[in-house]
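Undergrad: Pulled these features from TrEMBL for this protein:
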- 72-106: repeat 'PPR' (REPEAT)
- 173-207: repeat 'PPR' (REPEAT)
- 274-308: repeat 'PPR' (REPEAT)
- 375-409: repeat 'PPR' (REPEAT)
- 410-445: repeat 'PPR' (REPEAT)
Amino acid sequence: MPEKSTYILLLSTRSSVVAVLKFAIQVHSIISSLEKDVESNVILTNIIICIYGRCNRLEWSKSLFRSLDERTVVTWNSMISICVQNGQGEQALQIFNQMRQEGVSGSTISFVSALHACSIESALQFGMQLHASIAAQKAIVDVYLNTALMSMYAKCACIEKTERLFEEMPDRNVVSWNTMISAYAVHGQGKFVVELFDQLLKVATMPTIATFLSTVSAFSNHVDLHKAKQIHALVMGEIFDSNISIGTVLVNMYRKCGCLSSAQRVFDAMKDRDQGSWNAMVATFVELNKGEEIFQLFAHMQLQGFLPNMTTYSSIISACSYETSLFEGKRLHALVINSGFQKDLLVGNALVSMYNKCGSLDKAQRVFDNMDEHNTVSWNAILDAHALHGKSHDIFNLFEQMQKDEVVPDKMTFTSMLSACSRLGLVDEVQQFLISMIKDFSLIPTPDHFNCVIDLLARLGKLDEAEALLNNMPVPYSAVSMRTLLGACRSQTDLERGERTANQVMLLDPMSTSPYTILFGLYGVNCEEGGESEGAGVPKHVSALLC
């Protein structure tokens with residue numbers, strides 16, 4: 001019979017997953033026949049528990065774990081860690097609690113694994129209890145434990161606690177930096193991601209692929225082409241060539257920067273591509289409205305052996321919306337049905353929007369009705385469709401049905417509702433919707449919402465109230481707001497207010513000629529007809545711009 005050290009060596013030197021699992025089963029069978037010696041052989045048992053778990057045999061790990069009469073802290077740690085690796089955060093925490101109840105205090109590794117389990121489950125309260133236990137026990141808090149605490153708070157959306165831990169860490173490794181960068185990235189704080197990345201380079205810590213992925217992904221929402229190219233330069237060479245994900249996020253970064261040529265160069269330079277890479281390039285062409293080139297890329301993708309998936313179809317269908325190409329839209333709809341994606345939420349939303357923008361309300365409604373589920377985007381799309389086709393009365397019934405389906409409206413939903421109220425002249429309803437979005441849904445009205453109210457008041461000839469609202473809005477007004485009031489001044493022939501409002505539009509949007517045109521209308525001047533008496537009251541700079 002081989003010594004246990006022989007088994008340990010053989011288990012640790014097996015390379016393939018199949019070979020490791022097969023040999024672990026053999027060793028388990030052999031040592032099980034030794035009765036007491038088997039389960040008391042803690043080191044071998046711990047290794048077998050880990051192997052079963054890493055080979056996706058979690059139930060085997062649990063069964064072996066439960067059969068043990070004696071468990072060391074390493075045994076507990078192995079089982080907790082295996083649950084975490086298999087995404088079973090709740091079970092990992094249950095085993096951690098069981099360990100504590102049986103009088104095993106746990107080690108740093110126990111707490112690190114338990115904190116990772118909290119991250120999986122977003123279990124903030126449990127994570128805070130662990131943090132308190134660590135502090136109470138005066139455990140040795142090393143860089144790994146601190147990083148696990150940071151990760152837990154970040155996954156639970158406690159960005160300030162994550163920052164505090166990071167700032168107070170006496171030592172940091174690259175994982176600590178990655179955790180903080182990722183936290184900023186997830187919360188859309190691209191500016192802080194870039195600043196932190198620069199700090200990381202200054203302390204001479206070598207960034208990893210994970211660092212670049214988080215940084216570039218976040219940078220996509222913090223558009224600065226010069227900085228984007230600097231970061232791109234850092235990942236050129238071996239890192240870029242060996243990792244498809246890096247190329248994909250670079251394409252997305254340049255898409256957000258509006259730089260198609262750079263996105264195309266990155267895509268063309270990629271030695272290998274996957275579905276995500278093609279989808280990123282398709283999305284880039286769509287977002288930058290490249291017309292026929294979008295469909296050429298779509299065809300080339302399929303020639304290269306990559307079949308479109310839900311993400312591809314949702315992007316390419318959006319291109320038909322931009323091109324208002326109903327023929328292409330119908331063709332893609334047929335492909336979607338043949339591919340079996342017609343019930344997909346993302347694809348359904350894109351189809352509703354496409355048919356709406358191509359002028360086919362009936363088809364938009366039919367797609368919407370055939371969807372298995374609807375989210376806020378779905379409802380916003382169909383509300384917008386009815387609004388654009390002048391079916392303002394239908395919108396109220398749809399909104400009522402949306403609430404019955406327990407789908408939570410967002411700011412865009414209320415823009416549609418307020419716009420419908422404006423077109424129908426419903427003053428009381430406008431007030432009710434504004435109150436509801438603030439009180440019932442904790443949404444802060446934007447200038448777009450107030451523009452609907454201003455438009456309504458202007459339509460009703462209540463220019464005093466419209467101007468008062470503009471001057472007392474809790475959010476800064478925009479040129480659109482002022483242009484709405486200016487248009488009402490023209491229809492009401494309110495010269496004094498028109499001059500005042502036109503000056504504001506000129507300040508907010510100096511390149512716009514609309515305030516000058518409207519002023520001409522108010523002064524009763526036709527520039528082409530001329531006539532000194534008619535144009536005498538027109539300011540010279542207005543006349544010079546339009547004549």
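Using the three backbone atoms N, Cα and C, a Cβ is placed for every residue, glycine included.
Each of the listed features needs to be described in terms of its position in the shown structure.
TA: Secondary structure by DSSP for the repeat 'PPR' (72-106): 26 helix, 0 strand, 9 coil.
The list of residues near the repeat 'PPR' (173-207) in space but at least 6 beyond its ends in sequence, with Cβ under 8 angstroms from a Cβ of it, reads 143, 146-147, 150-151, 154, 157, 159, 162-163, 166, 214-215, 217-222, 224, 227, 231, 234.
For the repeat 'PPR' (274-308), the model's average pLDDT works out to 91.
Among residues of the same chain six or more beyond the repeat 'PPR' (375-409), those with a C-beta under 8 A of the stretch's C-beta atoms are 345, 348-349, 352-353, 355-357, 361, 364-365, 368, 416-417, 419-420, 423-424, 437, 441.
Residues of the same chain lying 6 or more positions beyond the ends of the repeat 'PPR' (410-445) and with a Cβ under 8 Å from any Cβ of it are 376, 379-380, 383-384, 387, 392-393, 395-396, 399, 402, 452-453, 455-456, 459-460, 474-475.
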Undergrad: What same-chain residues lie close to the repeat 'PPR' (274-308): Cβ under 8 Å, and 6 or more beyond its ends?
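TA: Tertiary neighbours of the repeat 'PPR' (274-308) are 244-245, 247-248, 251-252, 254-255, 258, 260, 263-264, 267, 315-316, 318-319, 322-323, 328, 335, 339.
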